[in-house]
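Data first, discussion second: the structure below is written as structure tokens.
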Amino acid sequence: MTSKTKNIDDIPPEIKEEMIQLYHDLPGIENEYKLIDKIGEGTFSSVYKAKDITGKITKKFASHFWNYGSNYVALKKIYVTSSPQRIYNELNLLYIMTGSSRVAPLCDAKRVRDQVIAVLPYYPHEEFRTFYRDLPIKGIKKYIWELLRALKFVHSKGIIHRDIKPTNFLFNLELGRGVLVDFGLAEAQMDYKSMISSQNDYDNYANTNHDGGYSMRNHEQFCPCIMRNQYSPNSHNQTPPMVTIQNGKVVHLNNVNGVDLTKGYPKNETRRIKRANRAGTRGFRAPEVLMKCGAQSTKIDIWSVGVILLSLLGRRFPMFQSLDDADSLLELCTIFGWKELRKCAALHGLGFEASGLIWDKPNGYSNGLKEFVYDLLNKECTIGTFPEYSVAFETFGFLQQELHDRMSIEPQLPDPKTNMDAVDAYELKKYQEEIWSDHYWCFQVLEQCFEMDPQKRSSAEDLLKTPFFNELNENTYLLDGESTDEDDVVSSSEADLLDKDVLLISE
């Protein structure tokens with residue numbers, strides 16, 4: 001999707017037919033919106049660019065329209081194959097999320113029988129594939145800052161997006177603004193820690209349902225990672241309640257009553273089936289999702305941010321291309337090593353074995369993510385795929401000195417060209433120092449995003465406080481500390497709309 005509008009003659013006939021059919025399926029919509037073109041398509045929906053004929057939407061949600069005076073909106077047609085609950089969930093979350101300039105709000109929703117559309121602002125932006133190889137470190141900083149600001153707002157509502165990826169974060173390079181879209185897979189985060197605050201609570205949680213009987217679902221959602229805080233070094237119980245499988249039965253050690261799980265499972269199955277929400281896009285899913293952790297949190301979105309940042313620094317997209325969960329874990333092994341993956345698996349009560357690998361580094365890259373990115377860039381520099389003016393050489397130069405010359409955060413940079421005057425030489429040296437510092441702190445953020453333990457992985461709010469974003473944060477607050485950012489500001493007209501105008505499908 002870009003800011004350019006196609007000529008009607010350039011629109012393919014099949015797209016024209018789709019738009020005519022949409023008018024037919026939703027009678028009366030032609031009086032409010034004029035369809036312009038189809039701008040996107042996914043598994044569960046299609047998105048069309050349209051003109052807001054009445055001006056009602058563009059007026060009430062003016063802060064969300066980046067081009068002043070724009071009257072374009074996006075109509076998202078949700079396919080009838082989507083379950084009613086899924087449709088309700090997405091519309092309801094969009095409704096709840098209204099209030100941030102970095103999250104696309106639900107402006108309107110219409111339903112005729114099984115046909116449902118959601119009306120959102122139209123955001124002119126550039127496709128990620130067109131700029132990820134050329135975005136300088138300052139642009140990378142702004143991109144990730146905008147994304148983390150959006151996630152900070154979403155996570156503050158207790159919502160997990162679950163599908164963070166470049167196509168769901170629309171970024172306008174000229175304006176330096178981004179917006180998070182597509183809440184089709186989003187869900188509320190469960191408060192597992194309050195559900196299981198002690199060993200006795202664990203017994204009740206694992207073995208009973210709301211009616212006082214056994215709940216299979218509770219066992220499927222339980223993950224040993226929830227109980228780690230109960231077994232800290234200061235705790236009297238140094239060994240967590242292990243679970244073993246014997247003849248189709250789950251036996252909880254430490255004098256916890258066993259529960260027969262034979263019913264509903266294969267008769268001779270000796271392994272407890274582990275179920276968890278694995279929704280998301282391959283290549284962007286966190287280890288706990290791949291390992292079917294039942295206690296997933298907003299931290300899975302932070303891992304996805306790390307994948308995007310890795311693509312920007314390594315100038316490669318997509319970064320991971322595995323077709324299944326097992327291959328996804330092996331891809332992580334090549335970077336972090338199978339020993340790290342084994343530790344991660346143990347957090348979730350799993351074992352992890354990897355044999356016959358061509359890449360046989362149990363500890364992964366010795367210098368971690370810096371060495372991995374250096375390896376990616378070095379290969380491209382060797383074969384000459386970067387143009388001579390590429391900003392990738394700034395990252396490559398930083399890593400070259402960081403890994404091989406072992407320079408400090410304030411390196412002795414090369415002297416500027418001798419034919420420069422003193423002012424130009426000073427400005428160049430200052431620029432070089434800023435670039436070096438930005439890269440140093442950027443890799444700190446990257447490492448925090450890729451923390452294997454979700455409880456230790458930084459939140460969006462924590463990442464925004466890192467030195468990497470200092471210069472952007474300074475522009476966000478007044479001297480007295482009052483926020484000047486529009487992120488949490490809702491106009492009075494938008495607030496009124498929340499109460500009056502948008503009617504959602506009832507559960």
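Any Cβ shown, glycine's included, is placed from N, Cα and C.
Feature annotations, reproduced from Swiss-Prot:
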DOMAIN    33-469  domain 'Protein kinase'
BINDING   I39, G40, E41, G42, T43, F44, S45, S46, V47, K76  ATP binding site
ACT_SITE  D163  active site, proton acceptor
Within the predicted model, mean pLDDT of the domain 'Protein kinase' (33-469): 82
Those binding-site residues listed as I39, V47, and which of them has the most Cβ atoms within 10 Å of its own Cβ: V47
Residue pair I39 (ATP binding site), D163 (active site, proton acceptor) - Cα distance, angstrom, rounded: 19
DSSP three-state assignment for I39 (ATP binding site): strand
Cα-to-Cα gap, T43 (ATP binding site) vs the residue listed as 'active site, proton acceptor', nearest whole Å: 13
E41, D163 as recorded positions, winner by CB count within 10 A: D163
Of T43, S45 (the binding-site residues), the residue whose Cβ has the fewest other Cβ atoms within 10 Å: T43
Alpha-carbon distance [D163 (active site, proton acceptor); E41 (ATP binding site)] in Å: 15
Integer Å distance between the CA atoms belonging to V47 (ATP binding site) and the residue listed as 'active site, proton acceptor': 17
